[in-house]
Amino acid sequence: MGDLFTLPVLLGILYSGIRLATPYLYAAIGETFVQNSGIFNLGVEGIMLMGAYVGFFVGMTTGSLWLGLLGAALVGLLMGLLMAVVSVTFKAEQGISGIGLHLFGMGLSSLLFKKTLGGVESISGFQPIKIPLLGDIPLLGDVLFNHNLLVYVAFLLVPIAAFVLYKTTFGLKVRSVGQNPQAADSLGINVAQIRYTTVCIGGTLAGIAGASLSIALINLFQENMTNGMGFIAVALVYFGSWRPGGVLVGALIFSFVNALQLWIQVKGINLPSDLAVMMPYVLTILALAFAVRRARQPAALSKPFERGEN
Amino acid sequence: MSNLLPTGQPRIEEMQMLGIVKRFPGVLANDHVDFDVKAGEIHALLGENGAGKSTLMRQLYGLYRPDEGKILINGVEHVFRSPQDAINAGIGMIHQHFMLVPSLTVVENVALGLKSSRGPLLDLERVEKRILTLAEQYRLKIDPHAYVWQLAVGEQQRVEILKALYRGAALLILDEPTAVLTPQEVDDLFLTFRQMVTDGHALIFISHKLHEVLDISHRVTVLRDGATVGTRPTAGATKAELAQMMVGRPVILQYDRPAPKLGKSRLKVNDIYVAGDRGSDALRGVSLEVHAGEILGLAGVSGNGQRELAEALAGLRPIRQGSVVLNGRDVTHDSPLAHIDAGQSYIPEERMREGAIKDFSVADNFILEDHGKRPYSRATFFDFKAIAEQTRKAVEAYSVKTPSLDTPLKNLSGGNIQKLILARELSRQPSVLIAAQPTRGVDIGASEYIHQRLLQQRQAGTATLLISEDLDEILALSDRIAVIYEGKIVGVVNANEASVEQLGLMMAGVAETHA
Amino acid sequence: MKSVLFRLSLLVVLAAVLVSGCAPAAAEPVTVEVTRVVEVEAAPVEVVVTATPAPVEEEIFRVAIVMPSSITDMAFSQSMYEGLLKVQAEMGGPEKMEIAYSEGMFKVPDAAAAIRDYASQGYNLVIAHGSQYGTSLAQIAPDFPETAFAWGTSLDTFQAQGITNVFAYQAEAQEGGYVLGTLAANMSASGVLGVSGPVEAGDAKLFVDGFKTGAMIAKPEAKVNISYTGSFSDVSLMAAAAETHIAAGADMLTGSSQSVVGAIGVAKEKGAKWFGAQWDQTNLAPDTVAASMVYDWTGVIKDMITSVKAGVMGGKAYTLTFKNKGLVIAYNPGVEIPADAKTAAEAAIQGIMDGTIAPLSGPKQ
Ligand SMILES: Nc1ncnc2c1ncn2[C@@H]1O[C@H](COP(=O)(O)OP(=O)(O)O)[C@@H](O)[C@H]1O
Ligand SMILES: [Mg+2]
């Protein structure tokens, strides 16, 4: 055991944890906006897959990672828009529509992958950028300040999201629409418009989450490569009690524990690998059961808004 | 007189609604209604629940579009497509169910939807300053940084009024603003209203409480079943006349109450301490005794421990200290079911949250408590015939208006839901009845009916604890009146010796008397 | 109005489900005249079966395969699919041999349904390409005595249960693992090797164990670190596993399952070398993949087809070994491999073939 808590291991956990957390942050911060406005989008996984595919494909064919990223964001936006149409305008059951969106994204990304790529190929993704000065800090500099752009942006997104949610008129509208849409409506706030906006933000960020995998972290596309990350992201929003800071804590815990369990295995510590890989999930479930402050749950979450007449 | 209000907004000299028709599927909610209000006037809109008052006002506020008819402001026709249009025209509305976001602070609630001076960034300091100015001008005391969920109902209402004033409302629609307030809070509110009309606001005051309408308004219009029954100057109108206009038949406003035939002690509460939702004690040493054949009224300002007492007595809230004896049995720590089995019935304050399940049918709600017993079920199987029969009997006996026994409860009006709960609780022939706010939000017709049922039960020997924030109701029904203040019983008085003034003072925690 | 909207939204959801359902080609509805042989128990009357197509269309052999991942997974599924394509080409193209496939069948009930579909559509050989399909196959096979089935990786043909129409196949992955381990240990400068498997079972575990044995025999002082991700498809965690191995000092990495593509990327980025399993993964990272253990199923497939044509519907268990050329080590000419390492690897292959080396324990005395 003592072998485990050595400096290189801790630094390794820090480094891998930060990278693992990146796609979760994009997806979960996006979903934080969505859920704060009262919409429950379970289709994050499908959007991530489409974002991963489009980001990769566009990046590869045009040779421009930036265009790839833009494409991923756009496809995310469009899928968000689709979810918004179904859940806000048509007031469909949100859990079901979300699952539909997931299947749609999964199926379409696989189909497109086969038609356009045919096989797994890799790409040279966003390269690490060493931050001047900070990157030169001994030991920590390399671990914390030598990542690719999308990693930095993911972490920057947390304070930005908190600022938008708590310090802007838009954020206030979002929270009110999620807590009491009738009240917001009575003050002349366009509930549908706010919800469309947040669901599109959520979609865009989920698209970028996918691209962060395919053109920044893993740099390839494979069918179903998100492997359930989108669902974990939704759980992280609960974990974080609908606050960006809480989501960050959740994403980091989940990712660090995942990194830790790999080290436990690599260090040959006598723990069955099946138990090791379960650790982050068990922890998440425990946290969901004990740490979530349900009181903060948007009261109108997953309830379509009706003014009483059409 | 200046043409501007203290808020700096122009006045609305006259607002007219002409020939308003509004249909909902299967309901003609407004049937060619005419209604108007002028600056400096309070025009009361009176009517039973479901008469169409809220619907009429929602059209004035842009929430619904009229099917027919038009709205004129200062003689100019306006079409309101959304509340924003109405707000821009100087109209504000305080809804029957408050339109506040509990998880936000007072300032945030007021700022919601307003243009900020800092563009996309919130400008809460500025909003706060203006709230404080307005609060002073209109004598509406409020802590701008409190979260709305922390506020008492009266305070929440002040937030609603401030919200409207902040948006420059010249005409204010008040949809049943007193429904949840205490006499003192109503008095305070009326002071504010009077001040507002003196300043040149136009006020529409919706209520079904006759004495309030007579007290505050200049004119009164009565709606019944969506149509206007008539408009009268308030001066010269009488309670009896207005009640008859509302209900369509003469209404008993004073009940016959034969002298109580006191039996033995049924419910004895000994010095109980009970924690509130936020941890600290909501009840701090409450003792009460109710005898067979009497109604003990518990008066008090909202939030002084009434809800906690009712829940503790129903077995829903743990009792930290002290004891409760029900029919000679110690039930202090017993389950709700044990209380029911010991012969106690409970009419909860939150009928939709605790008293019934809104998506269940009328029949299912009726057997909610006794579904596991005969005649409703035998050996765990339901006897649907017996259930239907008993429910039909109860629905008839308590004149619950429902399309069918299978109708989901949420489709019934508040009064009818309450009658059904009453039917369920009373048909069990309880020896003890805890009735918490039994007529809150219920119209006159149904209230009258519920009151008479409670009195009948008293004659039948039930020991009733009537918890109510409506002093009129307490005075009309109780034999003795206990007053609760900050979790303690301030005093118990005989009803025929009590005066409103004395009770009001006790409710404010001032006087202490013992019967 | 509301119900119209509701139906519309339902349609959107349905459309979504459809698109997703089509994509992984779930048992494509091939329109074939299905002639079911009606079996009347102990009936003395001869049932006239309407034109069984078998004798007429004898020259076309129809194979269907159901697999958990996709035909482009650069691993287990792709190896079998490409093997089928090769055999098809040898037999004279699609006119002689038809191939139908269902991929992405990671849910066993879906796979079972697909297997049953293919069997009832009259395919001559239906391959259940996943250990997890065994139980279902044992239930399906007896219902279709005219169809031959194959199941891998496994060595159980269900003969003990009286089933006669199931072939079994398995790769002796530990043999390839042993050789790659020998190679990696000889090439490693740091003396640390990293192995990331998917789950600690079956093919993957055999490979990992063989790799470790080979490495330890070649360099007893070497360190072989092993981790599993618990998933066949978690690319991201596989990448993190590779990062961890490298951080722990490994300069030679290997792993198996389709999720290793994530790890290969990391190896490439960090300048480590990779050893591929199941399929030649060279083109993903031409400077990184030193050598791969490649499965060549063509021999197995051809023998099964020959057997079926001769009326033997099952009962044989095949293994892929170096000896029967089902296992091949594919070196990447783009990566320089020291001569002594290569010599050691070739010696290992030889030893395994002639039986002097046991891949899970080492050279025999
Ligand atoms: N959004 C709605 N949809 C259908 N019916 C409604 C709606 N709002 C009100 N109603 C019906 O219209 C009638 C008038 O209701 P309302 O205006 O709320 O009455 P009041 O405010 O006088 O109690 C009632 O029968 C009510 O059930
Ligand atoms: Mg109303």
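Keep in mind that glycine also has a Cβ here, set from the backbone N, Cα and C atoms.
Annotation source TrEMBL lists transmembrane segment at A:6-27 (among others). With a threshold of 8 Å between CB atoms, the same-chain residues lying at least 6 positions outside the transmembrane segment (A:6-27) that come near it are 44, 48, 139-140, 142-144, 147, 150-151, 154-155, 157-158, 205-206, 208-210, 212-213, 216-217, 226, 229-230, 232-233, 236, 247-248, 251-252, 254-256, 258-260, 262-263, 267.
For the transmembrane segment (A:39-59), the list of distant contacts is 23, 27, 30-31, 65, 67-76, 79-80, 83-84, 87-88, 94-95, 97-106, 108-109, 112-113, 116-117, 123, 125, 195, 198-199, 202-203, 206-211, 213-215, 220-221, 224-226, 228-231, 233-234, 301-302: same-chain residues at least six beyond its ends, Cβ to Cβ under 8 Å. The transmembrane segment annotation in TrEMBL covers A:39-59 (among others).
Annotation comment: TrEMBL describes A:65-88 (among others) as transmembrane segment. Below 8 angstroms of C-beta separation, residues 39, 41, 43, 46-47, 50-52, 54-59, 94, 97-98, 100-101, 104-105, 125-126, 150, 192, 195-196, 199-208, 210-211, 214-216, 304-305 of the same chain, each at least six residues beyond the ends of the transmembrane segment (A:65-88), sit close to that stretch.
The feature transmembrane segment is assigned by TrEMBL to A:95-113 (among others).
According to TrEMBL, the feature transmembrane segment maps to A:149-166 (among others).
For A:196-218 (among others), the entry in TrEMBL reads transmembrane segment.
Here TrEMBL flags A:224-240 (among others) as transmembrane segment. Residues 23-24, 27-28, 31-32, 35, 41-49, 52, 102, 106, 110, 206, 209-210, 213-214, 218, 246-251, 254, 284, 287-288, 291-292, 297 of the same chain lie 6 or more positions beyond the ends of the transmembrane segment (A:224-240) yet place their CB under 8 Å from a CB of it.
According to TrEMBL, the feature transmembrane segment maps to A:247-264 (among others).
Residues or ranges marked as transmembrane segment by TrEMBL: A:276-293 (among others). With a cut-off of 8 Å between Cβ atoms, the residues of this chain six or more beyond the transmembrane segment (A:276-293) that come close are 232, 235, 238-239, 241, 250, 253-255, 257-258, 260-262, 264-265.
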Positions whose Cβ lies under 8 angstroms from the transmembrane segment (A:95-113), at least six residues beyond its ends: 40-50, 52-53, 57, 79, 82-83, 86-87, 221-224, 230, 302
